Amino acid sequence: MKVGFVGWRGMVGSVLMQRMKEENDFAHIPEAFFFTTSNVGGAAPDFGQAAKTLLDANNVAELAKMDIIVTCQGGDYTKSVFQALRDSGWNGYWIDAASSLRMKDDAIIVLDPVNRDVLDNGLKNGVKNYIGGNCTVSLMLMALGGLFQNDLVEWATSMTYQAASGAGAKNMRELISGMGAVHAQVADALADPAGSILDIDRKVSDFLRSEDYPKANFGVPLAGSLIPWIDVDLGNGQSKEEWKGGVETNKILGRSDNPTVIDGLCVRVGAMRCHSQAITLKLKKDLPVSEIETILAGANDWVKVIPNEKEASIHELTPAKVTGTLSVPVGRIRKLGMGGEYISAFTVGDQLLWGAAEPLRRVLRIVLGSL
């Protein structure tokens, strides 16, 4: 099997390569090839593969020699080569981090700890397009998959606290630049214990509203603020990110024909690479909290139920704790005042791992027959 990698140098691609190295995945790949859009003929990264030269990612004939293509190059790349590649007669596996093909009928959204049955059926039935899901959707399902898999959810609403990484590497840099720029405005005043906090606050507020604040990528301040809209405006009051929550969750679960209603608001906050979500669920039956926790904890190897206590919550349910790990903690689980079927939950997950690279890494192994 020849496996071609495109977009392996970008943020998601780099995380994917690191994870594949950690898990010794290249030992399961008979022949690996690396493609580029900008450095054709250059030296390929060395993961022990025979092919040492970078190939042209826009050359359909070269791509067509692959049995599997894994791309983290983005949606524009997918739109530019995918159909031409299929039209050339190529019948290989296309594994893609971008959203372009997610909702196509001949594509499966990959999240094997949650929908391995859907993946296995797809492989049996000749499906060749395996697409990574929206990061918040994947992270929500990793945390709450037990309830969805047992068909216990009547509806759910997710209010998100999404990290800068979801918008890209430049946006992560801009967040840090913003933090530093805010501090620089008031560094001297902060160093004076007798300084007025109201004066400091006014200087910060004035700076956030000024044209000097670095906001070329987000368009508005994030450090010291938040952004209550993510992705394009669908024109009906909903953002595309919010729309994805319902349609992608149901597609992942194989329930597009009989969907569970899921909606909410998506908000960008000043976290680096962990998305958090506050979720309200209406269950189909009134279950004890202890039973709900047992169902959640048993769903996969990465979800971690955090006791609904202050100390556990503030130490375990934060981006600072979770970033860079595969752990998906879920806590703040309790009955809400509206009735016994109404449950709250709060979950955190790394947007670049289970939110992006890890499902692709694992579906590659599944397609190769080694997971």
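Just so you know, glycine gets a Cβ as well, placed from its N, Cα and C.
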Seminar exercise, completed: Listed alongside Q162, R268 for substrate in Swiss-Prot, from E241, E309, E311, E316, is E241
Problem set entry | Cβ-Cβ distance under 8 Å to C135 (active site, acyl-thioester intermediate), same chain, at least six residues away | Q162, G166, H275, Q351, G355, A356
Seminar exercise, completed: Candidates R9, M11, T37, R102 (binding-site residues); nearest Cα to E241 (substrate binding site) turns out to be R102
Exercise. In whole Å, how far is Q73 (NADP(+) binding site) from R268 (substrate binding site) when you measure between their Cα atoms?
Worked result: 23
Exercise. Around R102 (phosphate binding site), which residues of its chain at least 6 apart sit with Cβ under 8 Å of its Cβ?
Worked result: I109, I131, G133, N134, E248, K251
Seminar exercise, completed: Top of the recorded positions R9, R268, H275 by count of other CB atoms within 10 A is H275
Problem set entry | Where H275 (active site, proton acceptor) sits in the secondary structure, as DSSP reduces it to three classes | strand
